[in-house]
Amino acid sequence: MRPVSVWQWSPQGLLLCLLCNLCLGSPSPSTAPEMRAGSQDLRFRLAGFPRKPFEGRVEIQRAGEWGTICDDDFTLQAAHVLCRELGFTEATGWTHSAKYGPGTGRIWLDNLNCRGTEQSVTECASRGWGNSDCTHDEDAGVICKDERLPGFSDSNVIEVDHHLQVEEVRLRPAVVGRGRRPLPVTEGLVEVRLPEGWSQVCDKGWSAHNSHVVCGMLGFPSEKRVNVAFYRLLAQRQQHSFGLHGVACVGTEAHLSLCSLEFYRANDTTRCPGGAPAVVSCVPSPLYAASSGQKKQQSKPQGEARVRLKGGAHPGEGRVEVLKAGTWGTVCDRKWDLQAASVVCRELGFGSAREALTGARMGQGMGAIHLSEVRCSGQEPSLWKCPHKNITAEDCSHSQDAGVRCNLPYTGVETKIRLSGGRSRHEGRVEVQIGGPGSLRWGLICGDDWGTLEAMVVCRQLGLGYANHGLQETWYWDSGNVTEVVMSGVRCTGTELSLDQCAHHGTHVACKRTGTRFTAGVICSETASDLLLHSALVQETAYIEDRPLHMLYCAAEENCLASSARSANWPYGHRRLLRFSSQIHNLGRADFRPKAGRHSWVWHECHGHYHSMDIFTHYDILTPNGTKVAEGHKASFCLEDTECQEDVSKRYECANFGEQGITVGCWDLYRHDIDCQWIDITDVKPGNYILQVVINPNFEVAESDFTNNAMKCNCKYDGHRIWVHNCHIGDAFSEEANRKFERYPGQTSNQII
């Protein structure tokens, strides 16, 4: 029986690969569609997801090449003509902006103008075949009436095998040991999940390109050669169930369903004669290497990275940022597609891209936008090797920042931890699995010192997004029959992939507060805020003021002066203050709200306002070697929306005991002339220093990215005046930032200790 050749496009990537209505075999005269005059060289099909058999993205094959139609000037009349080309009686609707996902290849028709009575789309007016100024984000689709034209026969519509799907791919090790199999699995027989279950792939014609695509789907950046002879010998002793053969990939596809696939029919009696199951071996990235030795051996020095992801809740996802001339910037989403996204994912040690995100779906970036209209073939080793356009600020805005979601290896870490007692699956008391084979048990975590960073790791490990709260008391969540505390002293940096990568006391459990009441809990969320300080404003507004002590009673009461102020001759004398304005933006995807509710806010009679957070910002003066010589702190005198972007409305206002917070797209301004908006530098001697500002320093409120909460500036103080310059924000605590931080004559180190 001749196999059916099926092509598929799935914009969603993994798991969503409908293969109905797509058959590219050359039709015989008896099965060819009834082509009308003018349509002799054209074939039509519906594609995309999610859809039904009578709806989808319209694709046309012309001169042997499949392409799409742009939605510019598209109307219901054009949809009527196209539905009849596809064998349906009429259209009930049409779609724009690639509702069924963006297609690939040529955009055959643009500005299509039909009356609705045409016998063929070739009779409609357009810009001409292949003449278009659109992108695949503008692909048109149709919704046809589920009623066939009498006698219509179309080889593009698979009536019998339209249910065939490639939903999932996995590697099955040829030999499974008695112990627990190490994860992730990097080598084995390729199996695809079809509606009737898991099936193997015949290795006839199998290529390294096919292996590359499979490894990418499974979360691995590359493939390697495998001992095929060993597996063929093994295959002779085993029964196999083949469901797929004739796989032909170019190697740049993000999913196997984008390759040419041939499925066996249900009544095929002979499958894969003389062949064996296809075998693939993948190379894991250092991030997922089995041993720490591999990590050290394969990982690159931190300073070499020129591409990174920011703002993602899960590993392998985030806003794409690139390094150019020592400055990190974002990528404009114009023409951003799965090929470019896959290049980023593989460059960072993940698999191919599951999604290419546009419209700042992972939050807006800051600073420069370095690249636009990136066009990758998918074979490039780095995003920087892809053709692209350098742009100015006028060409693109941060509301168009590109992002990615990459395919990740399955590690099984989510099975070693769980939440219990919560009102939803996003919250609860944290329970961890400990012990070896045969003696596994669940236990609780001591709540001592448990905080946001630890909760971030738990939420990431469970695939539940960001951490809203890390709770040290969970008496209101019933733990059921799990009462033993099995872990204590957990300390995480917040970047770990699982809780067992964090530091803790090991097998020895030491808890200051005993009982299940004081065990760790989390509340997770799919979105989070992201605060960013306007560093240029700090630099522009910095100045020195000598303020009389008799005007500083309120500031002293709120602990906004240096400790030496306590022994001053009140109310005589003065304090020298470094003052500046601070404007704090929320560029995340959730409002920044105080951790504590209004019932616990503290009223300060002296200034007549409520503090919703005891410490909102740290202000420090450091010597070049990192020694702190002066410090200040800013409580949240009043967190509110001072100003917002044009399309955003203010939500938070402090007046009349109102709600406090910062809305996404808004910013809170503390002017330089407000009390405590300063650092008391009375005791600082003339010299060269570093001004450091850190927002949300104790991680009390969850954010999608804490690395941009710090700002550093050079400052020179001569005893009378102060110069603040070279303010920069971002990874202010990283070694990379310290290396490029400006050095003064005689300066030995800028590293913070």
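From the backbone N, Cα and C atoms, a Cβ is placed for every residue, glycine too.
No curator has checked TrEMBL annotations; they are predicted automatically.
TrEMBL lists 1-25 with the feature signal peptide. According to TrEMBL, the domain 'SRCR' annotation covers 44-145, 169-283, 307-407, 417-525. Annotated disulfide bond per TrEMBL: C70-C134, C83-C144, C114-C124, C249-C259, C332-C396, C345-C406, C376-C386, C492-C502, in sequence order.
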By DSSP assignment, list the helix, strand and coil residue numbers for the domain 'SRCR' (307-407), in that order. 16 helix, 33 strand, 52 coil
For C70 (disulfide bond), what is the tally of other C-beta atoms lying within 10 angstroms of its C-beta? 23
On a C-alpha basis, identify the one among C70, C83, C124, C259, C345 that is nearest to C492 (disulfide bond); the candidates are the disulfide-bonded residues. C345
Most Cβ neighbours within 10 Å, among the disulfide-bonded residues C83, C114, C134, C502, goes to C83
Argmin Cα dist to C502 (disulfide bond) over the disulfide-bonded residues C70, C124, C144 returns C70
Disulfide-bonded residues C83, C134, C259, C386: which have a Cα within 10 Å of C345 (disulfide bond)? none
Looking only at C144, C259, C332, C345, C396, which of these disulfide-bonded residues has the biggest number of Cβ atoms within 10 Å around its Cβ? C345
So, by DSSP, how many helix, strand and coil residues make up the domain 'SRCR' (417-525)? 16 helix, 36 strand, 57 coil
Taking only C-alpha atoms and a 10 A limit, tell me which of C83, C134, C144, C332, C396, C406 are near C124 (disulfide bond). These are the disulfide-bonded residues. none
Report the nearest neighbour of C144 (disulfide bond) in space among the disulfide-bonded residues C114, C134, C259, C386, comparing Cα positions. C114
Quick one: Cα separation, C249 (disulfide bond) versus C376 (disulfide bond), in Å? 17
In the domain 'SRCR' (44-145), how many residues does DSSP put in helix, strand and coil? 16 helix, 35 strand, 51 coil
